[in-house]
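Quick look at what TrEMBL annotates:
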type: TRANSMEM; residues: 12-34; note: transmembrane segment
type: DOMAIN; residues: 74-271; note: domain 'ABC transmembrane type-1'
type: TRANSMEM; residues: 78-100; note: transmembrane segment
type: TRANSMEM; residues: 112-131; note: transmembrane segment
type: TRANSMEM; residues: 151-171; note: transmembrane segment
type: TRANSMEM; residues: 192-217; note: transmembrane segment
type: TRANSMEM; residues: 250-271; note: transmembrane segment
Amino acid sequence: MNRGKKISLGSVVIYIVLGFWALTTIYPIFWVIINSFKAKGEILSNSFALPTGAMFTLANYRTAFERLSIFSAYRNSMIISTSVAVIVIVLAGMASFGLVRYDFKLRKPLNSLVVAGMMFPVFSTIIPVYRMLSSIHMVNTESLALSLTSVILPQVAGNMSFAIVVLTGYVRSLPIELEESAYLEGCNPFQIFYKIVVPLAKPSFATVAIFSFLWSYNDLFTQMFLLRLPQHRAITRLLNELTSNEGTNFGLMAASVALVIIPILIVYIFLQKYIIKGMTAGAVKG
């Protein structure tokens, strides 16, 4: 006769805390989505009810697409966030490979500098960054490419320390014998990196790319300083303006927030296994 598995008091407490945390995290998203399908009056009178029957309406989404430049804002956000993710994994990957596999005089100071870079918040450097980009005419310019690049560059710099720390821990755990064999067969360092290191460290590269993309997508602070022209604004900047101009139109605000969080939810739903795999692999191996 098999006895039931006993559950300790500590496990019960952990499950209660995790359940409370999940409720406080998921319910606000659920509340925003259901109220995005209601009129303002229904939200004020019955904000917790499901939008069924006559209560259901798509007017908020129609208004959002008619009055706001949703598609251009999505385009700008995707260009910025995708560019940041790609540049970060390429540069941080090569930097981590060099810091782990090559011994040179400045390796220890560079490692310390990388870790120190994680201690400086974005707002502590935004003024010199703004002045530097303004001096080379990348701010308040009519060129979409230059305007978006002015956001991409500081966001890449802001993500590099985290990316190098994560990838360095993983690359250090890889067996060096494979690289030595490839070197003996005539591979140069770049071939070893792209043919040996990248495939083996794919989970960590995926984790860094996902976190860089999401961080860039949600980075309102940098966008507020550098994206001045309306046609260049990204989706989070657009939402911030809507909050200022339509603060009492709760239905429109809920629909706009839902449109902003949809890409984030899609990324987490379809790529969560890579996030978990990459973080746990780095923790165990690093």
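Keep in mind that glycine also has a Cβ here, set from the backbone N, Cα and C atoms.
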Chain residues outside the transmembrane segment (192-217) and at least six past its termini with a C-beta under 8 angstroms from it: 77, 80-82, 84-86, 88-89, 92-94, 97, 155, 158-159, 162-163, 166-167, 170-171, 174, 178-179, 182-183, 235-236, 263-264, 267, 271, 274-275, 277-279, 281-282
Feature contact check the transmembrane segment (78-100) with the transmembrane segment (151-171), CB under 8 Å, 3 or more pairs: yes
Cβ contacts under 8 Å made by the transmembrane segment (112-131) with residues that lie 6+ beyond its boundaries: 99, 139, 154, 158, 160-162, 164-165, 168, 219, 221-222, 225-226
